[in-house]
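Look at TrEMBL and you will find B:Lys7, B:Phe8, B:Gly9, B:Gly10, B:Thr173, B:Asp174, B:Lys209, B:Val210 tagged as ATP binding site. Sequence annotations record features per position, and here TrEMBL assigns substrate binding site to B:Thr47, B:Glu74. Residues annotated as domain 'ACT' in TrEMBL: B:264-347.
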2 protein chains.
Amino acid sequence: MNIVVQKFGGTSVRNLECMKQVLEKVLVPYEKGNKVIVVLSAMSGETNRLIDLANEWSDTPDLAEMDSLVSTGEQVSVALFAMLLKDRGIKARSLLGFQIPIKTNVAYTRARILDIDREQMNALLEDNDILVVAGFQGCNEGKRITTLGRGGSDTSAVAMAAAVDADICEIFTDVPGVFTTDPNICSQARKLDTVSYDEMLEMASMGAKVLQIRSVEFAKKYNVKVHVRSTFSDEIGTYVTQEDVNMESLLVSGIAYDKDQARVTLAKVNDEPGVSATLFTPLAEAGILVDMIVQNPSRDGRTDMTFTIPRADLSNTLEILDRIKDSMGAEEVLYDQNVCKVSVIGVGMRNHSGVASHAFQALRDENINILMISTSEIKITCLIEEKYTELAIRTLHNTFGLDKSGSEENML
Amino acid sequence: MNIVVQKFGGTSVRNLECMKQVLEKVLVPYEKGNKVIVVLSAMSGETNRLIDLANEWSDTPDLAEMDSLVSTGEQVSVALFAMLLKDRGIKARSLLGFQIPIKTNVAYTRARILDIDREQMNALLEDNDILVVAGFQGCNEGKRITTLGRGGSDTSAVAMAAAVDADICEIFTDVPGVFTTDPNICSQARKLDTVSYDEMLEMASMGAKVLQIRSVEFAKKYNVKVHVRSTFSDEIGTYVTQEDVNMESLLVSGIAYDKDQARVTLAKVNDEPGVSATLFTPLAEAGILVDMIVQNPSRDGRTDMTFTIPRADLSNTLEILDRIKDSMGAEEVLYDQNVCKVSVIGVGMRNHSGVASHAFQALRDENINILMISTSEIKITCLIEEKYTELAIRTLHNTFGLDKSGSEENML
């Protein structure tokens, strides 16, 4: 039994006309004899409408009720789409999270999928040629509805593909695939034919909107072949797969950026054991995601702690620091909102040392000052002043010859 | 554990302001220490919006998908209402049909409740002080969502009251209770303090909109005490209960009517065995509800068959008759849409024979011609010309002294 999983977002199902276009996409693998699992999001605007209702009803809506409320968006989409299929005489039906079930933990509004009943899915695929699965939702042990967080339908699709051992998981979206960088900033950005799970993870964590980060983790864990492609054309998009010998042998596959950043410095804190815990534990408890962290070498028993956080968490962070700074002997709290993270990403870096210095030189040549640096195995991230964002991206994109596939600058 | 079930319709939950009024009603039994089960309909307009969507998507929407679609209306209501309760610090949660479960048969869009898990309900009532149950919906053996037909939330409420052995099932509506007849037609109509299940059944079957007929059947079967009352006041409404000695000892408790009728005559059919089956089987198969049936005495081996049907089914009925009339040797098909059924209802008739002649005389005195008559143990129905509807109702209401409780004309 060959199985294709296809996922369509809210824009693709926003009205009858759009759903008919989706139907055409679904018929392609169906007519080739594949079983098809279609994962749908809520019609665009619907999830926000429901969240607005909840916020009108309560300042702090109960999260379990919130999930039951917003999950109706996908329930409407899948019922309507299944009607179209039934009208064509196709053996099809809709499936909600509790019906399969898609088991999750109890973390309402940001649940994680624990298990999808494979036997049940196989039985359903015996009886139906197309299954229309509500994305974004699952069901916990207490039979209560959970949702997977924004963009969770990507994760639904990949998890479903893993559960049924699908040949491919096609994620249809409003862009043609994954690009070397943001085409709105760099006109020479090029669509990648393939990208590895790890590279995609780094890109997603940098705020690239193409795939929800959790869906990529899932794809990597269960080795699901993902094809990111456009709803509006039949062209091949980008395959997200395991790194292998057939991939383009590039040093660098993309330049990502994230403007939603603020830098905070706690100046001249006592450099003693436990100071990091004192600082970062209350931030973690407040749900603030600290990203880059730099601790200066100690001088006279004192050091500076600098870190980045999402910009929206700045005021909350400053409040917390105000509470704890005296106990750390800190002299002052400094912060800067006009910063941006720019990252050079590529699995080729693993075994190649020149990439970082190459990137630093390129930025220096444009007089762009690097405020902070952090590196991972396959990523180099520089924090720079926000006003240089576009210049830095274009410079780095050019430095590594990303506009041309297989350019000399970027070959291993 | 004292349990009160309360049901509120779509108008009562149509926005935040209305839901807050519902909250006040729910707090009354709650603050007296009762456990409360609140059954809610979809916000008014929502069910129709969803049905319109389905009809836009398909001329013949798949019924299973239809049920999954429209059941979202109640899902939204109960989540929002539960948020209000949680905000007050009340131990409460929403419950969907599949979560309890409310087991039904598979008859999508008009399912019947088979069973409600009592143990599960008891466990839920141990953990919560108020349960907010989605009306109108259930779940069949295949875990698919079913709905109970228009007005099905009444049935949900009564079935729930039966399952948990509630002290009372309060049906909140936009009228103050059950009236002796339609107050819009007869200004002297009087609200009844009590009405028996059987009388209520006859009234409901005549199109009185106060309670869904199935909910009354359920109430009767499980002896659930129902209180029909207004959402907009605190006044006592009408109790629907078992007939007992304490009830008003009236001959007649109400005059009901149904204008949605058409009369059809198949003239001069062969009067031979099986003729009724030949006629009514295809009508039943087409889902047409035949009500009154009269067969004239045979003359020369021929007879006239006359019956009434809902007006909306007339053209469909005429088509069917056209197909079968030759095989029955019928000479012609006659029909009349300008007719109305008027019924005199009362359990007191069971042991009292004068009611029918009393009613016929009253109509004759106003020169109202009776076209057809049918009787049951507690009801006399006359088909009359539609233009006499209001006159007939007022005349009968007056004849039996229904404007005065315990009037001489109407006492046993």
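A Cβ is built for glycine as well, from the same backbone N, Cα and C atoms used for every other residue.
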Rounded mean pLDDT for the residues that make up the domain 'ACT' (B:264-347): 90
Additional residues around ATP, ordered along the sequence, whose Cβ is within 8 Å of the centroid of B:Lys7, B:Phe8, B:Gly9, B:Gly10, B:Thr173, B:Asp174, B:Lys209, B:Val210: B:Thr11, B:Ser12, B:Ser41, B:Asp154, B:Ile171, B:Phe172, B:Thr231
For B:Asp174 (ATP binding site), nearby residues of its own chain (Cβ under 8 Å, 6 or more apart in sequence): B:Gly9, B:Thr11, B:Ser12, B:Ser230, B:Thr231, B:Phe232
For B:Glu74 (substrate binding site), the three-state class that DSSP assigns: helix
Whole-number Å value of the largest CA-CA distance among B:Lys7, B:Phe8, B:Gly9, B:Gly10, B:Thr173, B:Asp174, B:Lys209, B:Val210, listed as ATP-binding: 15
Residue counts (helix, strand, coil, in that order) that DSSP gives for the domain 'ACT' (B:264-347): 29 helix, 34 strand, 21 coil
Set of same-chain residues at least 6 away whose C-beta sits under 8 angstroms from B:Gly10 (ATP binding site): B:Ser41, B:Ala42, B:Met43, B:Ser44, B:Gly45, B:Glu46, B:Thr47
Protein Cβ atoms within 10 Å of B:Thr173 (ATP binding site), excluding its own: 23
Among B:Lys7, B:Lys209, which are binding-site residues, the residue with the most C-beta atoms within 10 angstroms of its C-beta: B:Lys7
Packing count at B:Gly9 (ATP binding site) (other Cβ atoms within 10 Å of its Cβ): 21
Rounded inter-Cα distance in Å - B:Lys209 (ATP binding site), B:Glu74 (substrate binding site): 20
CB contacts for B:Thr47 (substrate binding site) [other CB atoms within 10 A, all chains]: 21
DSSP state at B:Lys209 (ATP binding site), helix/strand/coil: coil
B:Asp174 (ATP binding site) - helix vs strand vs coil (DSSP): coil
Least surrounded among the binding-site residues, given as B:Phe8, B:Val210, when other CB atoms within 10 Å are counted: B:Val210
